[in-house]
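S.K.: To start, I am sharing the structure in question, which I have written as structure tokens.
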Amino acid sequence: MTKRRVVVGMSGGVDSSVTAWLLKEQGYDVIGLFMKNWEDDDDGEYCSTRQDWIDVVSVADLIGIDVEAVNFAAEYKDRVFAEFLREYSAGRTPNPDVLCNAEIKFKAFLDHAMSLGAETIATGHYARVRERDGRFELLKAFDHTKDQSYFLHRLNQAQLSKTMFPLGEIPKTKVREIAAQIGLPNAKKKDSTGICFIGERPFRDFLNRYLPTQPGPMKTPDGKTVGEHIGLAFYTFGQRKGIGLGGSKDGSGEPWFVAAKDIASNTLYVVQGHDHPWLRSRELVAGNVSWVAGEPPSDGARCGAKTRYRQADAPCAFSSAAPGEAAGGERFSLVFDEPQWAVTPGQSAVLYDGDVCLGGGIIEAAATGRPDAAPASCESALAEAR
């Protein structure tokens, strides 16, 4: 009987290596595919592509599978990195890993795998796929501490129908145990924590290679200038480290946080105290929407939402009829039961019904506890969405 062929995305890490081994043990015809998605010739200090490829080959030899490398650097720069820079230039904070999954790992990679005769693909992500009544659902991993469905919420029915996540039902600690037991050469390799395919280099230095510094005033909510920023693109909502302000600037002793950006005046607004009302939001509007099932929840539906990775699901009410829809495509709004901290434009708002990931969108704006005297641009995005 002909074995089902599965192409496994192998990064050189423990998770994808164990994924390949598990599928081989289950009787699949496994091919490993290593993706090079960044031209790192000038970045040897931070990119680990060469060592990662060596690890992939070593693992493939050990478990007895064929492996090949494919270069998606052009696709990555066109579909992911260009958008990444556009968002930062506009003062937002994008999540390139979300777009990388949708456009590279589960599009360019999937297409290439099909050309190799694969019936399905597999990756080392911690998530699950379930077929129910002819539809495919994306579910959280059993190990919620490692769940990665947040990064996968833009996958559609066609992509999920050809995807397996073998680690979705296995705790991370067990994956490490398996790697050690079968003697994987990378069993003790650290997990990657850098931006998708760009590595773990100092982020501000990296961004400065592509975006110019544009210094401007750093002000408090009452308009007092307390410092100078190097460029709005280099700061994100809720940021504490790297602002360059000491807690004693006005005598309160509390730490400073980035609270707003006024693009028109190139002003960065900062506040003191983690619980400052400018850092709390009860409502958000999101666009660039994607639904796993191809359709949104019903208006008024109760769901849980994450506005950042590893955040607990926050209870909220959903509405798909966000005013301003005609001007900018499909949008939705969420009203939370409790104020959420540092809801950041550019990040993803991902919706859940229990363990089922429904999909989500890119946060355009959030209504905070800012008073009426707040800078106009702080509310303009939300007003426009309305």
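Residue 1 is the first one shown; counting continues down the chain.
Cβ from N, Cα, C; glycine included.
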S.K.: Of the candidates M35, M164, which one does Swiss-Prot list alongside G9, M10, S11, G12, G13, V14, D15, S16, G124 as binding ATP?
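M.R.: Record check against Swiss-Prot: ATP site with G9, M10, S11, G12, G13, V14, D15, S16, G124, extra candidate from M35, M164 is M35.
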S.K.: Determine, from DSSP, whether D15 (ATP binding site) sits in helix, strand or coil.
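M.R.: In the DSSP reduction, D15 (ATP binding site) maps to helix.
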S.K.: I'd like the number of other C-beta atoms within 10 A of the C-beta of G9 (ATP binding site), please.
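M.R.: The Cβ of G9 (ATP binding site) has 22 Cβ neighbours within 10 Å.
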S.K.: Near H125 (site 'Interaction with tRNA'), meaning Cα within 10 Å, which of S11, G13, D15, M35, C100, Q347 (recorded positions)?
M.R.: D15
S.K.: Cα distance, C100 (disulfide bond) to D15 (ATP binding site), nearest Å?
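M.R.: Between the alpha carbons of D15 (ATP binding site) and C100 (disulfide bond) there are 18 Å.
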S.K.: Can you check which residue among the recorded positions S11, Q347 has the largest number of Cβ atoms within 10 Å of its own?
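M.R.: When each Cβ's neighbours within 10 Å are tallied, Q347 tops the list.
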